[in-house]
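Structure record follows, encoded as structure tokens.
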């Protein structure tokens, strides 16, 4: 086994290319918000790679992320609205699979950056400041789009060189292949239910890093009970391996906010860098634990990552099982 069997060097290189301008601007300005907003650049890059977004598609995905971010941030003031918003966005992302499996990634990577940025912007801020926090971050999101937009433009022209120039700018995607379509009713119901329960728990108990619980619940909903169990197992293994490793590594690194932000950026990059999901997720968990440790957080705070991942995953699996049982009961009543 060589490194290329584990790490997708091509994807890692291309991802670093779109992140490099963000890193340079952060280095020149020392503004850590650039590194926070970098998750948008990676989310847009995934949209280009998996959903084949053309430049217009990248622009629309950016606008969708902005709108979802502002809605979730403002809804945090009214917890039931936050719960409903998270549930609808998770179910909507799954619903895109009805038009092709690849489009679920597009929906996921509108919901993920919006959720993470909203929770991070609200952390330590008074509710009266949420609107200002949201407006302040929008220019960062817009500028993080530009490197990915340029990459999409190059890809689009390279693949569709014979197309008239004006057609380049009116297409949403440069390839029409969206993957196989799939039935989504059960997964949408399970995803919406699981995320609603996770978001309600986060809002009720005021979890730190509640986005981890919410996304873990959504992530486990993969279409059927067997694959949901497998996804929960992979995520639990990754968290159990990555979190202790991250706490150990973090104790050896300089304790500085810039180090924490760079490590968090590494976690985002791991979304596209690893061929095997359990390894990539273990690296993300390790990076999250390192980032918290170098901010002088106690070990039990860093260990929240493990608890949140498992808790969210269990909620997600419970949602899948509940909906599966309910639909089986419905079928029995209709066809005794």
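Placement of Cβ uses the backbone N, Cα and C atoms for every residue, glycine included.
Note that the coordinates shown come from a computational prediction; the quantities given were computed from them, not determined experimentally.
In TrEMBL, the transmembrane segment annotation falls on 137-154 of the listed ranges 101-118, 119-136, 137-154. Looking at which of 137-154, 187-206, 281-299, 305-328 has the most CB pairs under 8 Å to the transmembrane segment (79-99), the answer is the stretch 187-206.
Across the range of the domain 'Integral membrane bound transporter' (198-318), the DSSP-based residue counts are 98 helix, 1 strand, 22 coil.
Note: the stretches the transmembrane segment (258-274) and the transmembrane segment (137-154) are not in contact (fewer than 3 CB pairs below 8 A, sequence gap of 6 or more).
Of the candidate ranges 24-46, 137-154, 187-206, 305-328, 137-154 has the most C-beta pairs within less than 8 angstroms of the transmembrane segment (53-73).
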